[in-house]
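A.B. asks: Following this message is one structure expressed as structure tokens.
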Amino acid sequence: MKTSEWIDISQPLNNDIATWPGDTPFSYEVSWSKEESGSVNVGKLTMSIHTGTHIDAPFHFDNNGKKVLDLDIQVYVGPTRIIDVSNLESIGKKELEKFHLEGVERLLLRTSSHGKANEFPDIIPHLRADIAPFLSEKGIRLIGVDVPSVDPLDDKELAAHHQLFKHGIHILENVVLDHVADGDYELIALPLALSDADGSPVRAVIKPI
């Protein structure tokens, strides 16, 4: 796909979007209508930070970890590479060694394992902890996945989360990659300026380089 246009790789946020079991359902409503106010519609948004396309801050899994405003926003803007890792139960150093990743700073993984934003998956391919030092050696500072988590859905240890941030690698989850080709792109996936938050929704977009 060659285009000069930005391509949206975010899950649209609407009242049908899937959320983590037990987490806050997404809701948008007009809480103050133009008829009531006399001039404007005012919307009310209720959601979990980890709904749809979002980033994780270390505070999400570490009480002493950095929060969103502590993160380097430069990481979320710049050249990125998309690669296909479909049909794998887990992804680690072994699976990525065959790819040429020298000079890559941001890496998005297409697993094509779950494409329904309105259904929460029962199982996902996850990242193994040994991926973190491998990515760090390559100079990669951000990893993105097209599933809700880098760890197994029922996992409590969150080894991949911990090891990735230990090695200076930021996490982007629930990107939508089924409609874009492998290759090099410019990425913008900026978090909101949420002072004390453990993560943030993002509008992730890419443009071919």
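Numbering starts at 1 and runs along the chain as it is shown here.
Using N, Cα and C of the backbone, Cβ positions are placed for all residues, glycine too.
As annotated by Swiss-Prot, substrate binding site applies to Trp20, with the evidence given as sequence analysis. Annotated Zn(2+) 1 binding site per Swiss-Prot: His50, His54, Asp56, Glu173, in sequence order, evidence recorded as sequence analysis. As annotated by Swiss-Prot, Zn(2+) 2 binding site applies to Asp56, His161, Glu173, with the evidence given as sequence analysis. The active site, proton donor/acceptor feature in Swiss-Prot is assigned to His60; the stated evidence is sequence analysis.
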A.B. asks: Quiz question: given the binding-site residues Asp56, Glu173, which has the greatest number of C-beta atoms lying within 10 angstroms of its own C-beta?
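C.D. replies: That would be Asp56, with the highest Cβ count within 10 Å.
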A.B. asks: Between His60 (active site, proton donor/acceptor) and His161 (Zn(2+) 2 binding site), find the distance joining the two CA atoms and give it rounded to the nearest Å.
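C.D. replies: Per the Cα atoms, His60 (active site, proton donor/acceptor) and His161 (Zn(2+) 2 binding site) stand 9 Å apart.
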A.B. asks: Based on DSSP, name the secondary structure state of the residue listed as 'substrate binding site': helix, strand or coil.
C.D. replies: coil
A.B. asks: Give me the CA-CA distance between His161 (Zn(2+) 2 binding site) and Glu173 (Zn(2+) 1 binding site), in Å, as a whole number.
C.D. replies: 11
A.B. asks: Looking at the binding-site residues His50, His54, His161, which sits with the largest number of other Cβ atoms within 10 Å of its Cβ?
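C.D. replies: Per the Cβ count, the most surrounded site is His54.
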A.B. asks: For the residue listed as 'active site, proton donor/acceptor', just count the other CB atoms lying within 10 A of its CB, please.
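C.D. replies: Its Cβ shell of radius 10 Å holds 21 other Cβ atoms.
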A.B. asks: How would DSSP class His161 (Zn(2+) 2 binding site) in three states?
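C.D. replies: Assignment for His161 (Zn(2+) 2 binding site) reads helix.
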A.B. asks: Helix, strand or coil for His60 (active site, proton donor/acceptor)? Use DSSP.
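C.D. replies: Helix, per DSSP.
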A.B. asks: In the same chain, which residues outside the set His50, His54, Asp56, Glu173 have their CB within 8 A of the centroid of the CB atoms that define the Zn(2+) 1 site?
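C.D. replies: Other same-chain residues with Cβ inside the cutoff are Ile49, Ile55, His60, Pro148, Ser149, Ile171, Leu172, Asn174, Gly199.
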A.B. asks: Near Trp20 (substrate binding site), which residues of its own chain have a C-beta under 8 A away, given they sit six or more steps off in sequence?
C.D. replies: Ser48, His50, Thr51, Phe120, Pro148
